[in-house]
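Here the structure is laid out as structure tokens; the discussion comes afterwards.
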């Protein structure tokens with residue numbers, strides 16, 4: 001990561017450390033999703049919760065509660081993050097995230113029976129996980145030089161899939177080397193979160209506070225010194241003075257809208273801003289109910305449904321984690337900016353739709369014939385479709401669900417509007433994860449895939465008719481798009497936004 005000096009040949013290790021510590025904490029959420037996915041399929045975990053003595057409906061309820069309880073906590077964690085991030089600073093907020101997350105993990109792994117303590121632990125962990133979605137991207141945006149800001153911020157999104165992959169592989173490893181009656185089979189993968197979080201916590205004590213937050217608190221000297229270290233320049237550099245001027249101007253703009261009531265009024269009552277909010281909420285709704293997150297959490301069971309043998313199920317799930325990680329990093333760093341938001345979304349959502357249709361047909365055909373073993377070629381194709389679904393998600397909804405929200409709102413409203421959308425994001429993710437086991441029972445697995453395919457098709461229509469293309473458009477000109485009638489916004493482009501009459 002180069003500094004912003006004119007020579008551009010020196011590295012700011014303070015910047016590297018800050019981006020690493022805050023960016024890699026995205027894996028906290030992924031570790032939870034990856035480990036709970038395997039836990040629910042581990043015989044040792046099922047025995048401890050008494051799955052074998054409970055009716056199918058009760059088992060489905062417990063599974064959905066275990067999987068979704070972190071998401072309930074994440075809703076509260078998002079709100080908590082919005083409240084404390086400006087109050088105590090980015091570093092202390094990050095440390096609070098880690099304390100809550102790891103406290104929840106410890107409560108989980110000390111569960112020896114019953115589900116109450118397990119639910120409580122996952123709820124507490126969710127508070128920390130939810131806070132990370134507010135604290136970490138904010139810090140990364142504030143410390144990164146403008147020419148690498150997008151890539152620095154996308155490290156957080158990409159590290160989610162690093163966590164998922166680690167969780168998948170740890171479950172696969174314990175399933176190979178530990179007995180199905182040994183509770184350590186699920187405790188060890190869950191405990192990896194303590195090691196990972198502990199390393200991030202240690203790194204946080206050597207990380208510099210956000211210069212923007214310091215300047216906002218009136219700590220001008222500290223803020224300037226930190227910015228000099230992050231950019232690896234001295235106080236006489238013209239670029240440093242220019243960036244400081246921009247920070248002070250932005251702080252003045254935010255302080256002009258000092259009332260949270262005024263901000264909410266501006267978001268909800270202004271027609272242009274309300275439309276932006278609706279777009280942001282619809283993106284979250286359609287993305288989550290396309291089924292991709294549910295597939296991530298329940299991947300071993302879905303591989304079982306398409307006929308993958310028990311001995312290979314967790315390995316297939318682990319490779320699914322690798323596919324999602326590589327896809328997310330490739331799409332976030334290269335594809336979205338190269339193709340544009342809408343084109344990437346078209347391709348990604350279409351891949352999801354085709355994979356879901358194939359899975360629905362294959363599972364229905366297999367169930368109808370009451371086959372106990374997979375049809376060789378069709379079964380291999382069904383497993384491949386799960387991987388294609390993950391790639392399509394990474395290229396489509398996952399690439400825009402955070403980025404689009406950060407782009408369409410003006411600076412003075414961005415934090416509050418993004419907070420509202422993030423809360424809704426976790427509500428939708430909770431609802432989908434909670435509903436999936438019951439949907440498998442009520443609609444059958446093939447019917448569940450049909451439901452997800454229908455939502456995905458609606459998402460394609462939404463993208464074509466309502467979502468504007470903002471790639472290559474300056475933040476100042478993006479606002480011009482929303483001055484158009486609502487039915488024209490989805491067909492607008494960069495050139496439309498930059499027309500003088502707007």
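Placement of Cβ uses the backbone N, Cα and C atoms for every residue, glycine included.
Feature annotation from TrEMBL assigns domain 'Major facilitator superfamily (MFS) profile' to 18-471. What TrEMBL records for 12-31, 66-84, 96-113, 119-141, 153-174, 186-208, 277-299, 319-339, 344-365, 385-404, 416-440, 446-467 is transmembrane segment.
This prediction places the mean pLDDT of the domain 'Major facilitator superfamily (MFS) profile' (18-471) at 84.
Under 8 Å from some Cβ of the transmembrane segment (66-84) lie the Cβ atoms of residues 29, 32, 36, 39-40, 92-93, 96-97, 100, 104, 115, 118-119, 122-135, 297-298, 415-416, 419, 422-423, 426-427, 429-430, 433-434, 436, all in the same chain and six or more residues away from its ends. Tertiary proximity for the transmembrane segment (319-339) is limited to same-chain residues at least six positions away from its ends with a CB under 8 Å from its CB atoms, namely 34, 150-151, 154, 157-158, 160-162, 164-169, 296, 299, 347-348, 386-387, 390-391, 393-395, 398-400, 403, 471. Ranking 96-113, 119-141, 153-174, 385-404, 416-440 by CB pairs under 8 A with the transmembrane segment (186-208) puts 96-113 at the top.
Only sequence-distant pairs (6 or more apart) were considered; of these, fewer than three Cβ pairs between the transmembrane segment (385-404) and the transmembrane segment (96-113) are under 8 A, so the stretches are not in contact. Counting same-chain residues at least six beyond the ends of the transmembrane segment (96-113), those with a Cβ under 8 angstroms from any Cβ of the stretch are 25, 28, 48, 70, 73, 77, 81, 84, 88, 120-129, 131-132, 135, 183, 187, 190-191, 193-194, 197-198, 200-201, 204. Here the transmembrane segment (153-174) sits against the transmembrane segment (12-31); at least 3 CB pairs are under 8 Å, leaving out pairs fewer than 6 apart in sequence.
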